[in-house]
Each structure stands twice: as C-alpha cells, then as structure tokens.
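Swiss-Prot annotations:
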type    : residues                                                       : note
REGION  : 85-145                                                         : region 'Repeat 2'
BINDING : Gly205, Glu206, Pro207, Gly208, Val209, Gly210, Lys211, Thr212 : ATP 1 binding site
COILED  : 390-524                                                        : coiled coil
REGION  : 442-465                                                        : region 'Disordered'
REGION  : 559-771                                                        : region 'NBD2'
Amino acid sequence: MDINQMTYAVQGALQKAVAYSKEYELQNIEVEALLKAAMNENDSLFKSILERANIDVDQLIKAYDNQLSHYPTVQGDNVQYGQYISAKTNELLDKAEKYMKSYEDEFISMEHILRAAIDTDETTQKWVGNKVEVIKEIITKVRGGNHVTSQNPEVNYEALEKYGRDLVEEVRQGKMDPVIGRDEEIRNTIRILSRKTKNNPVLIGEPGVGKTAIVEGLAQRIVRKDVPESLLDKTIFELDLSALVAGAKYRGEFEERLKAVLKEVKESEGRIILFIDEIHMLVGAGKTDGAMDAGNMLKPMLARGELHCIGATTLNEYREYIEKDSALERRFQKVGVSEPDVEDTISILRGLKERYEVYHGVRIQDRALVAAAELSDRYITDRFLPDKAIDLVDQACATIRTEMGSNPTELDQVNRRVMQLEIEESALKNESDNASKHRLEELQEELSNEKEKQSSLKSRVEQEKEKIAKVQEKRAELDSSRQALEDAQTEGNLEKAAELQYGTIPQLEKELQEFEEAFQDETGEDSERMIREVVSDEEIGDIVSQWTGIPVSKLVETEREKLLSLSDILHKRVVGQDKAVDLVSDAVVRARAGIKDPNRPIGSFLFLGPTGVGKTELAKSLASSLFDSEKHMIRIDMSEYMEKHAVSRLIGAPPGYVGHDEGGQLTEAVRRNPYSVILLDEVEKAHSDVFNVLLQILDEGRLTDSKGRSVDFKNTIIIMTSNIGSQVLLENVKDAGEISDDTEKAVMDSLHAYFKPEILNRMDDIVLFKPLSVNDMSMIVDKILTQLNMRLLDQHISIEVTEEAKKWLGEEAYEPQFGARPLKRFVQRQIETPIARMMIKESLPEGTIIKVDLNDNKELDFKVVKPTS
C-alpha cells in the first residue's frame, strides 16, 4: 500500500492510529485504532457522514475503545508500538483501494475508508445497521459529482456550505432582523441581477449605512415572493472570505477552495447568487509569486454571466482596490447607498424595536428611538446612520437589562445595613457591661425594623421580577407567532396563516396589553418601581454622554444650580471683569438649555486687554467650573505658530510630509474631547495665514484635517486672547475703571488693522478687559492668600493676614501696565519666603497659626501662635 496514494486526511488518521496503538500497548495498527483516528481528524468527513445518518458517533468511538482494550498487549523496553499494520487493517485498506478505483478517483479518501469499514469491520456494521443505503446517498451528495484528483479533496466537498451561509434559509428560520426602507436600492439591485450579462451589482457606501442590510432585504423579499419571477427560485449565499483563506497551508489550496465554490455556483445554473461582503479583499487575495489572485479568477465568469455576484464595499476601498483594476470594475454595476436621514432612521428603529424588546426583555419608548436618531446624528459625527443610532438603542437596552439582573439600590443599601448590624450584634453579645447591654437592646430593635424593611423590599422586587418575566414571555410568544405566520404565508398554508392572523396573534396581543396594564396598576408609574424595565430618552442621552463626553442628558438638580450660579463661580476667580464673565456664562447656559445654534460653536470670543488682567484665567476658570478640571482645556500657544507653514501643525501635515499619520494638534485634541474649552493664547503672535483655518470653525463649527476627516467643533467654546490695543486702554481708562467710547473705538481700530474683517465678523463677541484698579488688587490678595492657605493645609499650618497688611500688599504691588502678576511675585517675596524660612529653621507643630500684620515702619511682622497642648 503506497502512502502517497492516500489523501492528507487518511495519512493523518494513520499517524493518529500509531499514537492510539502506543496508548493501548499494541504492536500492530488495528482497524479500530484507524477508524477511531478517522473519527477524530479535524473537520472529519468520516464523522460528518455518520452524524448525518443519525448514528451516535460518541457511542461508536466508545465501542472502538472497548474493542481495542481486548487486544493482547506487548510490553518491554525496546517495543515499537504501531510498527506494523494488522491483517484486518490491511484488508480494510485493500477494500478502500477498490472503492477508489470504482469511484474513478486518484487517491484513497475518507469516504473510501468508510465504505470499506462498513464492508469489513463488525463493530461498524453493528452500529450502521440498515443505514448503508442512506450513507451511500450522503456520500454521493457530499461529493457532488467531483472526483478525488488531489490529496486534499475535502475542500471541494460542499464548498458553499463550508465557506458561506445561506441568507434565504436564515430568513426562513427567523434569524434575521427585519429590513425597513431601502426600497429604491433593493429595486436597483433586482434590475441589475435581471440583466443577461454583467448582472453583478456592487453596493458602495460609507460604513454603517446599511449595505449588508440591502442584501438581507433582498433575501427577505425572495422568501416573501416579492420579487420578479426570474428571482423567485434564487438563493443568496454570503461568502466568508476569512474561512476561505484560513488554514490554506499549501500553495494553491486557497485557489482550489475558491474554484470549488465557483464551480458549485456555476453548476447551480444561476440559482445561487453569491454575496461577497468587503469585496475589495478579493483583489490581491491568494496572490503569491506567479500565482493568480482571486479577483482575476472571478473575471471570466463575471463577464460571461455564469456568476451572479453582489459585492459590498466602502467608497474609499472601492477607489483604492476595485477602480485600480478597470477590467474587474467594468464587470460590476455600481449601486450607491447613501446615509439615511433622521426620519428614515427613526422608521428603521421602529421596525427593529420589537426584536430588541424581545431579546433584552425590556420596553422601549418611542421617544427613546427618536432621541437615538437625533442625538446620534448631532453628536456622534465620525460614524453613520442608522448604525450609530441602532448601537445607541442596543447599548441602552443592555444597560437596563444589566440593572434588572441586579438588586435595586434601595434593597442593596438595606442588605448592607442589616449585615453591618448583625456583625455589631454578635460582637456586643460577648460584652457584659450595662452600656453594651443597653446598646444591644437598641441595636436589636433597629435590626428588627431593618429586617422587616428588607423582607418587604425583597417581596416587592420578587413580585416585580415575576410580572416582568410574564410580560417578556408573552412578548417572545407573540414574536414567534408572527414568525410562524410569515412561514405559513410563504409555504401557502392558508389555514394555519388564518388561524394565526385572526386567532392566536390578536389573542396574544390582548393578553400582553392586559399584563402590561395590570403591571402598571400594581406597581404604579415607572418612577415608583423598584426595577426599571423601560428604555427612555434619558438612557439614550446618558449613553451619548458616556461615548462623547458631551452633556446631553437631562439636567439634574445639582447641575441646574451649578449652571445658574456659573457667573458667581467665575466672578470669585476672575476679579474686575464683569462683562467678560457674564458673556461667557450666558453662552454656556444657552448651550446647555439646548437653544443655541446647532451649527456653530457654543461661543467664540476675542479677549483684548493688557497683560495680567485675567484673560487666560477666565478660560481656565470656565474649564474648571464646567469639567471640575483645567485639564479639559485645549490650550494652544499661538506664539508657536509664527511661521506661515506652522498652520499644518494645527490640522496635520499634508500627505507625503513627515508626521502625516499623527494628525493635527487642534483637530486630534477636539476629536478626543469634543466638549471642551479651546484657548488660543496670544493670537497676535501667530502668522496671519493661521487665522484662515479658523474661518470654518467660527462659522460652520467644523474643520477638515489633513486626512480629509471632518472634525466637529459645535460643542466647543473658543476663546482667543490678545494684547492688541492694551497701550490705548492703559493710557485712557477712567478713574472708575470704565472704558470710554473713544478708547473702545481706538482699540477696535488697532484690531481691524491687524485682523481681517472676515475673522472679526464671525466672532460672537469682542470683549475689552479693563486694567485692574487698586480695589481689585485687594480682592486678588485675598485670592492669592486663600491659595497659599490651601497649600499649607497638608502641613496643618495656616496664616492669618490683617486687613491693613492686605491693603498694603495691594497698594505696594500695584502696577497698572502689568496687571496682577507683579502682586503674585510681591506676595512670594514678602510672605511666602519668610514663612518658608521659619518652617525650615524651626519645626512648626500641627495646628500652628502664623499671624501677619503691618508695623509702624510699613513692614510685615510675623507672629507664630503654637497650639496649646
């Protein structure tokens, strides 16, 4: 027997049989060892055929094991197990060779071994029984008229079932979600499929717009017989390219698998339509030196009309792969799939609603579907409808489902309190003093009350869970009845269809409504229930906020108070600039209330004024107030953009330049944090061409980066600071700190001389910051000293400065042209440095108070008050 005349699967089985011989200490390879090995081969054809014939393969393997354990064993140091083939095994292989010749094959394959085993092995005969003819029919069907001409023939057997899935069959089994809309694209696809030649549509559209759904919709129409007569008997197979490539170890194996698939499609004489998702992957697939890629293998069949093929790919990949191969491109007919609008998306979500309700066991409100479509369209800008809206609904349902599976917060708190009291009770029982006994009595009373409350809550939760389970059961029953109705209508079983449509389904709908109403009456409104089972627009808003960081969920009371007092919070940090603070806080309130222009940033401001008056501080304060951290501020120092070419750093380097893959500093920061404060500091230091980039941001709220991606700035606050006109402000400010009209005009003239009108015209407001007065300085002193006290808090030391000393600090450090910065330096010299020396010189105990006062010589005195022990 020549081992080279066997397929790889049979050779592998023989090698495994040697291992089994060693396991059972047998010198010969017995027939049972070979057959057991044939069963346990990867993707075993031997096992697959027996399973189809309804033979219990696990019991058969046990029977082989039992038989092997009865053979005489050989033991010793130099025994080579499985070195020889037994007479029975030899007889089986001879018989298999005869079957090979009768099938006109070139190699002994697994089906020959199976036929030989049925003829020669008693154990196999006993288990197969009277199913020999059934097995013969299965073998004929599996081979599909193919001959074994290679050592890997299994790839040619039932190739479509191995490397594809039948979409029409999945629709019949109710495994597919309904497809809503897309009628025009489906009709277009049907027209192209009905052509004589080049009847191959390719669906082109952005990721997530529903290309695959169009093919699923066509499969559903075929099942419903809602297609032209020429397509009624068709079936759609989706080709799994990854399965086609996976495990193709030898050169030419991939091509062999693809040829087997194409052969089956061709032999179906147009009955099979092949759907290839991500069709661009075929171009270059399997390409090695001197080999042909998969795309070239398809071309002849596509041109002759022997292969009905539907492709799907994205616009970018079509351009990159398919358009480059013009011979392949001309064999396909393009069908554009555009993104549906919000109204169409809402219709799609309404069609899918029931499926998601049954799957998650929740109830989805209609306003949740509307919110999912609208919020995803507005805030999730880097993905496409309807995919992103469906994802939102799915995530919200999963969130509610997770909550339903765990204890409600109220019950969880009571459980923890009961456990805490029980631990305390067991500890107090060991004490004998009166105080402990008295506490034990109080505790036992409290524990009794808590346990009663726990029992009541548990009972409520169980009742609600029971009711929800009943509602879920009815929903699932109704869904399966509707699927059965579709099947009955498709099969033409009118009696069953009538019974379902006019009897079963209305009855189930009535029962479901009664259950839901009873549940509503018993448990009250949704807000009063222990367990939430309703998905509302609030849950959708929460998910959008999680994904994007943009607060779109309903305002909670604490946030309302925070927004209404935003102006006061900012006033505490920014001294003397009331107009600027009010303008910025008003813009935030408008945005959070949802009445701002949805196509522009929340606000865009240009802050003008001398150095050190609070322009940058206001931007920091705003970021800190909105996000509880200054880190959410995107700060760009425009002094770094003095050259003309530096604009590429904002939006990313052009293709071909170093750093193209890294993206721009501004665009990447906003893509990661779409809800943020953007501070463009010292804008007059930048090159004038840099401002051209800002035009689209200020007007349309978007910017296209170097990779062609549109970045959304609609949820940002843009603040620019500049010192233009600061000299005019310093020279002409009134005593009360007010800015006169003439001064304002002079500053604006300076501004117009530097900035182009189209930039200034797009800004919401230009705010003039007035120079700080002496009164402002005393307030800033308070702020600086508060910050110092916060830093000393870790060391449990505090300072107290008298009003006289504070006034002196403010007056001495007052320099109008430099703002508040000199004051900071003055406080460092006059207060921080002496305190630091005192702390190093003598160790100050915790609780020490350092009192600072002004003496007669106009110098600061420091008095250390140590805590009394």
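Placed from the backbone N, Cα and C atoms, the Cβ positions cover glycine too.
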Sequence-distant neighbours of Gly208 (ATP 1 binding site) in its chain (C-beta under 8 A, six or more apart): Arg383, Phe384, Leu385, Pro386, Asp387, Lys388
For the ATP 1 site built from Gly205, Glu206, Pro207, Gly208, Val209, Gly210, Lys211, Thr212, further residues of that chain with CB within 8 A of the site's CB center: Ala213, Thr314, Val337, Glu339, Phe384, Asp387
DSSP-derived structure type at Gly210 (ATP 1 binding site), helix or strand or else coil: coil
Mean of the pLDDT scores, which run from 0 to 100, over the region 'Repeat 2' (85-145): 78
Among Gly205, Pro207, Gly210, which are binding-site residues, the residue with the most C-beta atoms within 10 angstroms of its C-beta: Gly210
Coarse DSSP state, helix versus strand versus coil, of Gly205 (ATP 1 binding site): coil
CB within-chain contacts under 8 A for Glu206 (ATP 1 binding site), separation at least 6: Thr314, Leu315, Glu339, Phe384
